[in-house]
Amino acid sequence: MHGGRDVANDASTVFDLVILGGGSGGYAAALRGAQLGLDVALIEKDKVGGTCLHRGCIPTKALLHAGEIADQARESEQFGVKASFEGIDIAGVHKYKDDVISGLYKGLQGLVASRKVTYIEGEGRLSSPTSVDVNGQRVQGRHVLLATGSVPKSLPGLEIDGNRIISSDHALVLDRVPKSAIILGGGVIGVEFASAWKSFGTDVTIVEGLKHLVPVEDENSSKLLERAFRKRGIKFNLGTFFQKAEYTQDGVKVTLADGKEFEAEVLLVAIGRGPVSQGLGYEEAGVAMDRGYVLVDEYMRTNVPTVSAVGDLVPTLQLAHVGFAEGILVAERLAGLKTVPIDYDGVPRVTYCHPEVASVGITEAKAKEIYGADKVVALKYNLAGNGRSKILKTAGEIKLVQVKDGAVVGVHMVGDRMGEQVGEAQLIYNWEALPAEVAQLIHAHPTQNEALGEAHLALAGKPLHAHD
């Protein structure tokens, strides 16, 4: 136990908030709650920071950046720089990745301690609507927050062995660069690993049952990514579902529902993540569940008055920044502040493959469904007209979705580093900006950010570096 007082020596202690799970949602609630004067206990069985810091967002982005450096070394001559690419030192890549994680982890531990959060290391279980059992003791609270996160999912009959058939957890610590890989799933996790491994020299094939890669994105973004992946030599098979996987002499063979077969050294199962909720006492305490998810209202309250839940455990967007926001919302609500429900359409989404896919708001198809096909305007701005993108040698587009004569309700971007532009896109969507209002703002030249300004100039009827 670290930070705060030792509750083992004081069974009468009743915290304002007991948090089960120290990932993004849990620790954000702990930090904000303590800041607002709540007496908080944070229970975590592994390390504070959770999946995002240790097995998710941060390590995958480090691998992708290492891959980007490898690609730059290979392609340096096109910039007039003579360099040679001698290969990937996977131990060195892991050291770089682990150093990044370690620095952030130390900082986070320091924050938890400095806010006087009582941190309890151990596997907790909800024992009543106001208590959690951990390390043979009962931690009591006026309110309990469930934030136990998620783990990689598999399919019935598909056993993940950690060697040839692996999850993203295994892929992040793999001690070799596979010569070839089949990736089951073309969503965010699948395309990010496909991108990193291709940069490391792996022969990659993605198998996705739906008709597009990153299928939750606007169809235009999916098509642009597919075109870019083809150009990079990343293979993919769309629209046919997985049937079975078998071991071969030195790898894995995957068979699809149409009988098509693929063979590779490893199979990465990247079909999404499922909630961690089994055997933790939730149902016994009366908490309403659906398919393992804890059900909540717009203020993250469960059907049990003293219990809230946040993050990947609830059926909202599985993103660390959503976990942060949900955790903060719970802490502020319990501290008596006025809270506003989260608009999940207004949450920025970034897929960090090469090229990046970034979006906020709704797709063109969804907008037509809501407002009617004749009430929706869509505009595409090609990054070929953007000086900074030319310098970076990246192709891509920004697509704006607007309600006719009204606000921009969707911004969809594809291109290297476009994830860094999603902040302004988020403001445009959330402030219900009109194209003419954004067009009035002067964007710095030459930046990629300028492409957002140019797209709005075009949508406002006064394009500059774009054809009428």
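Cβ from N, Cα, C; glycine included.
Within 10 Å of the C-beta of His445 (active site, proton acceptor) there are 13 other C-beta atoms, taking all protein chains into account. According to TrEMBL, the active site, proton acceptor annotation covers His445.
Over all protein chains present, the Cβ of Val191 (NAD(+) binding site) has 29 other Cβ atoms lying within 10 Å. Secondary structure at Val191 (NAD(+) binding site), taken from DSSP and collapsed to helix, strand or coil, is helix. Residues or ranges marked as NAD(+) binding site in TrEMBL: Gly185, Gly186, Gly187, Val188, Ile189, Gly190, Val191, Glu192, Glu208, Gly272.
Look at TrEMBL and you will find Cys52-Cys57 tagged as disulfide bond. Cys52 (disulfide bond) counts 23 other C-beta atoms within 10 Å of its own C-beta, drawing on all protein chains shown.
If you look up TrEMBL, you'll see 15-327 marked as domain 'FAD/NAD(P)-binding'. This prediction places the mean pLDDT of the domain 'FAD/NAD(P)-binding' (15-327) at 97.
Helix, strand and coil residue tallies for the domain 'Pyridine nucleotide-disulphide oxidoreductase dimerisation' (347-455), in that order: 45 helix, 31 strand, 33 coil [DSSP]. According to TrEMBL, the domain 'Pyridine nucleotide-disulphide oxidoreductase dimerisation' annotation covers 347-455.
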DSSP says Gly185 (NAD(+) binding site), in three-state terms, is coil
Reading the DSSP string in three states, the entry for Glu208 (NAD(+) binding site) is strand
Within 10 angstroms of the C-beta of Cys57 (disulfide bond), the count of other C-beta atoms across all shown chains comes to 19
Glu208 (NAD(+) binding site), Cβ-centred 10 Å count of other Cβ atoms over all protein chains shown, is 25
Three-class DSSP assignment, Cys57 (disulfide bond), comes back as helix
Of all C-alpha pairs drawn from the NAD(+)-binding set Gly185, Gly186, Gly187, Val188, Ile189, Gly190, Val191, Glu192, Glu208, Gly272, the farthest apart lie at a distance in Å of 14
